[in-house]
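Taken verbatim from Swiss-Prot:
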| type | residues | note |
| --- | --- | --- |
| BINDING | C104, H107, C175 | Zn(2+) binding site |
Amino acid sequence: MDARILKEDDESGLPNKQADVTLLHGKPTQADAEAAVRTLLLWAGDDPEREGLLETPKRVAKAYKELFAGYTESPEEVLGTVFEEVGGYNDLVLVKDISFHSHCEHHMVPIIGKAHVAYLPDHKVVGLSKIARVVDIFARRLQTQESITAQIADSIQRILKPRGVAVMIEAEHMCMAMRGIRKQGSTTITTTFTGEMQVNAEEQVRFMTLTRR
């Protein structure tokens, strides 16, 4: 298949178009990334050769590798181990106030917020830390809040196969706080539901109530 053809997202939530671009052009090197930072410094009006900026390209490339580590991680690996001995527990499991940092795909500035994630188990559960790790995987990519909300829910539903999933995200977008309209403290809330959580209004109310406690 021609590498220029853009395919649909794979099951990890990572666009296959990224793989196509890599096949076509080759993955940029560390040196390429550092050179790009130097170009941005020059474009901004500063001198990348001055003492305070000499190591900045290397530091920025290293920081971006950490900030966007979600592109190299898979929710399948995180959610692959489940526990079936749950003592008959089959009610809502909620992990709330999961703090995260992401980056807006439009301006590449921070999105800072917290996620509340719940699911109705179908005779099996995962370790609570795994839910937080799934949030981190999708947060450490260029995102919109709507996308990260849907990706978290879809991955848990698809891999764990619970009876239903609920996700709420509350976040402040620096693209609104630092630039443009410059409204600090404005919060965006997104929610999504799957399975029984999608069709049962009482379960939705229970989820929303528990997140506010």
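Here the Cβ of each residue, glycine as well, is placed from N, Cα and C on the backbone.
Locations of recorded Swiss-Prot features on the structure.
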| residue | record | CB count, 10 Å |
| --- | --- | --- |
| C104 | Zn(2+) binding site | 17 |
| H107 | Zn(2+) binding site | 15 |
| C175 | Zn(2+) binding site | 17 |
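Residues C104, H107, C175 make up the record's Zn(2+) site, and a Cβ search at 8 Å around their centroid adds H103, E105, H106, M108, V109, I111, H173, M174, M176, R179 from the same chain. According to DSSP, C104 (Zn(2+) binding site) is assigned to a strand segment.
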